[in-house]
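Participant: Checked TrEMBL, it gives:
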{"type": "BINDING", "residues": "G107, A109, V110, N114, S382, L479", "note": "Na(+) binding site"}
{"type": "COMPBIAS", "residues": "46-65", "note": "compositional bias 'Polar residues'"}
{"type": "COMPBIAS", "residues": "720-729", "note": "compositional bias 'Polar residues'"}
{"type": "DISULFID", "residues": "C214-C224", "note": "disulfide bond"}
{"type": "REGION", "residues": "46-74", "note": "region 'Disordered'"}
{"type": "REGION", "residues": "686-729", "note": "region 'Disordered'"}
{"type": "TRANSMEM", "residues": "131-152", "note": "transmembrane segment"}
{"type": "TRANSMEM", "residues": "173-201", "note": "transmembrane segment"}
{"type": "TRANSMEM", "residues": "296-316", "note": "transmembrane segment"}
{"type": "TRANSMEM", "residues": "328-346", "note": "transmembrane segment"}
{"type": "TRANSMEM", "residues": "408-433", "note": "transmembrane segment"}
{"type": "TRANSMEM", "residues": "466-496", "note": "transmembrane segment"}
{"type": "TRANSMEM", "residues": "508-533", "note": "transmembrane segment"}
{"type": "TRANSMEM", "residues": "539-560", "note": "transmembrane segment"}
{"type": "TRANSMEM", "residues": "589-611", "note": "transmembrane segment"}
{"type": "TRANSMEM", "residues": "631-652", "note": "transmembrane segment"}
Amino acid sequence: MIRDFANAANRYRFRLAHDKSGNPRLQETLQKVGIFWVLSFRKQQTPSPTTDGTSVIPSPTPSKLNTTTNTTTGSKVDLVSEGIDGPPEEEREGFGNGVEFVLTCLGLAVGLGNIWRFPMRAFENGGSAFLIPYLSCAFLFGFPAVYFEFLTGQYNGKSPPVIFRRVMPFLEGVGWMGVFVAALVAIYYIVIVSWISIYIVNIFRGDFNIWNKCDNPWNQMETCIDMLRQKECRVDHPPGWENATAKMIPEKMFFINGTCMDAKKFDGIEMLSATEQYFTRHIIDPSTGLYDFSGINLPILAAMTICWVLTALGILKGAKIMGKISYVSVLLPYFIVVVLFVRGVTLPGASDGLYYYFGKPDYSKIFLTRTWTEALKQLCFSLSVGHGGLISLSSYSRKNNNVFKDALIVIIGDTVMSLVGGAAVFSTLGFLANQRGVQVPEVVKSGFSLAFVVYPEAMTQMPLPWLWSFLFFLMLFLLGASTEIALVDVFCSCIYDQSPKYRKKKWVVVTVWCFLLYCIGLVFSTNAGLYWFEMFDEYAAGFSSVCAVVGELLVMMYVYGFRNVRNDITEMLGEPKNKCTKAIGPHSWYFTANWMGIAPVIAAFLVALSFLRDYPYNGDANKYPIVFDILGWFVSFLPVLMIPLFMVINYIRCRQRGNTVKSLFMLQKQHVSYRRIAKNFDADRQAQQAQLPDKEPWDEDSDEESRKGASGDVEVATIDVSSSTHQTY
């Protein structure tokens, strides 16, 4: 109630100060209403007598909701203790409820990699035995990293660059690293969504009836294998060999041009299935190499354009609409994957596929470094840690929200999607192997081939192929679109926080940013687009995202201080309720030790491994020349370069504002916990802190404009949007 009176009084004061109509009656009315709210507020502050005759003023629990920042002085003002002398709180739009926040984070974490990347990693690294390193890495790295990013974003209520700038301006670039990782991933990730959207459109055009046939205009007949009839080559007298004896029939044959042909005749020739030629020759149609741009692939260009427009529209509506969208974009894929799983396990041969997926554990793989490396890479790729997205999304969450529980839900939801999605895929692969008359390993392909080649072929052989094809690609589209929206929104949130001028013009920020990324990604719509896509996919996220995680952990645990981090947890979630929650709950010392040592070491290990690559890429120097790897490493280091870049930028800002260089290495007054931490400073430290700037650099112009806009003799307390410490709901 006290906060409501304070906010109301401030709103009327602000309106009075900024009224430019010159209407004296309106100003008189505003003054009277403002006085009413002031008196009402003071009445609420009237001390109440107690049983011993003393008077007590109620004091709410301190939180971000009770504080704001005065942009005239730059100092934080406690609305409870200082009444209405502070400016009105900035209302930052947040999620409608905790469920929407969790679903949106799941939309970022659960993506396409859960469907085609995880099952392949499990298959190649010991089957069900792969769960041992995977779950171990989830406990040692995945869950602590997600919890850390949720905690950092929610407590500070700001985007990553602002958070790390307030810890130490010289290290603001650490926050920008994750932002640019998200941007690089968003540039090429939308290409996959575009391919998926083309498949969805083509399903309605009836292509599900022809993408597994070799008599289409895009097919190369002499190298196209008709997989629907491939099983006819495994009978006693296959087509073309009716009069041959058993000894004359080759061991391996391909069904080509209506007959079975000896596979030895095609040694050294790349043979492709009909569905693979549909994808490579009809959908993406690649050129001969990285430099051969040839022309524009118009369907991909059109699909990318539409997908970028939809992405921009999804971001423009803000966190509340993103939360509402997540009910469909996140929950529907879970429903679809369960439907596909149920359908898959009822198909002939499904048990064979599931056996190769999880029923054939190879525990010897556990002792190989490669297995643990693949588990770590899968976790980083799937959970999107180090992308800035989890910090940015959690900054819109309520301060007292249980981020520990939310992090646990995200980890469980991500793992369930991987396991169930993998089971759905491998049961279908078992069916496909049964139809072809081969073993499951012969139909297993990794990456895009699984989604765009193998799975479409399998669904064509099911009853109602259009239905299962549509459900599969709809699921992929929703998973990809929800991730893309969250990735693009990271940078936009940073601009809102650091540019009061554009905070009320979100459409400008979103439109310009999406258009810029769209223009950069136009290279993917050329005939050389596949090779540039593979370069981004190989280099954009792995190295730089792990570097971002290492930087975040080191800054928060050693510069900001692990004791301050633990106090932040207590301030948000309260004291542990019992010994059990203290030992294994959000306050556990395990997480402190993990963030200080275990997680940074694991992440640094991944950084070192990222330098171990084979050159040239895929062993093909013609398609992937040395420039492929040079540009790839340049893309990898772009986010890392943000650290020295913003060191220089903040040094220049410091000198222009007349501040001491020491201020670049000190906790800033605008930090959420500054007042709590400053109480423990000695006299010398307090004297140094007193020289810190009262405002963020981007607030100065905004303050000047607000003062110029004030009329009459009214004393104005201007709104400081970027320095306000939290959003209200």
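Cβ atoms are placed via backbone N, Cα and C, with glycine included.
Unlike curated entries, TrEMBL annotations are predicted automatically.
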Participant: So if I measure Cβ to Cβ from V110 (Na(+) binding site) and keep only same-chain residues at least 6 apart in sequence, which ones fall under 8 Å?
Facilitator: V330, P333, S382, G413, D414, M417, L479, T483
Participant: Select the range from 408-433, 589-611, 631-652 that forms the most Cβ-Cβ pairs under 8 Å with the transmembrane segment (131-152).
Facilitator: 589-611
Participant: Count the other Cβ atoms sitting within 10 Å of the Cβ of S382 (Na(+) binding site), across every protein chain shown.
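Facilitator: Taking every protein chain into account, the count is 23.
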Participant: Given the Na(+) site residues G107, A109, V110, N114, S382, L479, which other residues of that chain have a Cβ within 8 Å of the mean position of their Cβ atoms, reported in sequence order?
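Facilitator: For the Na(+) site the neighbour list reads L106, L108, G111, L112, G113, G413, D414, M417, S482, T483.
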Participant: Can you count the other CB atoms that lie within 10 A of the CB of A109 (Na(+) binding site)?
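Facilitator: Other Cβ atoms within 10 Å of A109 (Na(+) binding site): 27.
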Participant: Considering the recorded positions C214, C224, L479, which residue's Cβ sits among the greatest number of other Cβ atoms within 10 Å?
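Facilitator: Neighbour-count leader: L479.
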Participant: Are there at least 3 C-beta pairs under 8 angstroms linking the transmembrane segment (589-611) and the transmembrane segment (508-533), leaving out pairs fewer than 6 apart in sequence?
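Facilitator: Counting Cβ pairs under 8 Å, fewer than 3, so no.
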Participant: Tell me if the transmembrane segment (408-433) touches the transmembrane segment (296-316). I count contact as 3 or more CB pairs below 8 A, with pairs 6 or more residues apart.
Facilitator: no
Participant: For the transmembrane segment (539-560), give me same-chain residues lying six or more residues beyond its boundaries with a C-beta closer than 8 angstroms to one of its C-beta atoms, as numbers and ranges.
Facilitator: 145, 148-149, 152, 160, 164, 167-168, 171, 174, 177-178, 180-181, 184-185, 187-188, 377, 380-381, 385-388, 592, 595-596, 599-600, 603-604, 606-607, 610, 632-633, 635-640, 643, 667
Participant: Determine the Cβ neighbour count for G107 (Na(+) binding site): the number of other Cβ atoms within 10 Å of its Cβ.
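Facilitator: Excluding its own Cβ, the number within 10 Å is 27.
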Participant: Would you mind listing the long-range same-chain contacts of the transmembrane segment (173-201), meaning Cβ under 8 Å and 6+ residues beyond its ends?
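Facilitator: For the transmembrane segment (173-201), the list is 112, 159-165, 283-284, 299-300, 303-304, 306-308, 311, 386-389, 391, 448, 452, 456, 469-470, 473-474, 476-477, 480-481, 483-484, 487-488, 490-491, 494, 517, 520-521, 524, 529, 533, 536-537, 540-541, 544-545, 547-548, 551-552, 555, 635, 638-640, 642-647.
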Participant: About how far apart, in whole Å, are the alpha carbons (Cα) of C214 (disulfide bond) and A109 (Na(+) binding site)?
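Facilitator: So the Cα of A109 (Na(+) binding site) lies 38 Å away from that of C214 (disulfide bond).
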Participant: What number of additional C-beta atoms lies within 10 angstroms of the C-beta atom of N114 (Na(+) binding site)?
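Facilitator: The Cβ of N114 (Na(+) binding site) has 26 Cβ neighbours within 10 Å.
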Participant: Give me the CA-CA distance between G107 (Na(+) binding site) and C224 (disulfide bond), in Å, as a whole number.
Facilitator: 38
Participant: Using the alpha carbons only, what distance in Å do you get between C224 (disulfide bond) and N114 (Na(+) binding site) once rounded?
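Facilitator: On Cα coordinates alone, these residues lie 30 Å apart.
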